[in-house]
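Novice: Below you'll find the structure I mean.
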Amino acid sequence: MAKNKFNHSWLHDHINDPYVKMAQREGYRARAAYKLKEIDEQDKLIRPGQVIVDLGAAPGSWSQYARNKLADSPRARDGRIDGAVVAIDLLPMEPVADVTFIQGDFREESVFRELESVVLDASGGNKIDLVLSDMAPNLSGVASADAARIEYLCDLALEFAQAHLKPEGALLVKCFHGSGYSQIVEKFKRQFKVVAKRKPKASRDKSSETFILGRYLKTVD
């Protein structure tokens, strides 16, 4: 009975969620687009000409938002966007116009090579401007296990950013408050000159999710 009440409550909240309604009206696949939108408007992350990698992209709302921003550039002509968006996820994703999607686990060598090849082609052999990560683990409810899973995904995003970002680039990751949160923030501070925490209004009040933004890579000795 308790589970049914929970499901009914979630469904009621979801149906009446203004961000869900807005996403349906504006053609976004998920309300998560407005989390990125709010952070982008505050921090000016997405700019014309950028090469952007979206980790954990499915169902694709962050890629949609990034693509739309690049399409708004005065230099976007002949149906092409001004820049590039490369998305990757373990799960399948319906195509997004102008977005290159790779389905697979980028921890696997063959998938990682494909990702690197696509990124190099998109950037003209240069490094990338922005890494987005909305990756989230399946939470077990066991605090210590969940903290380890969350930290692991953040570590993957940090490692990818360290290897592929331009010095002036940025990394935005989803995280959750918990026992490992402070360690993740410290890792960001070791890797980036500027670190900020963001809790957009589109994040549900009941959710412990937050976003960590790192900008300007520190020089690795």
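Using N, Cα and C of the backbone, Cβ positions are placed for all residues, glycine too.
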Novice: Among Asp43, Asp78, Asp89, Asp121, which residue does Swiss-Prot annotate as binding S-adenosyl-L-methionine together with Gly60, Trp62, Asp105, Asp134?
Specialist: Asp89
Novice: Looking only at Gly60, Trp62, Asp89, Asp105, Asp134, the residues listed as binding S-adenosyl-L-methionine, what is the longest Cα to Cα distance in Å?
Specialist: 19
Novice: Which residue among the binding-site residues Asp89, Asp105, Asp134 has the fewest other Cβ atoms within 10 Å of its Cβ, if you could check?
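Specialist: Each of the binding-site residues Asp89, Asp105, Asp134 was scored; lowest Cβ tally within 10 Å is Asp105.
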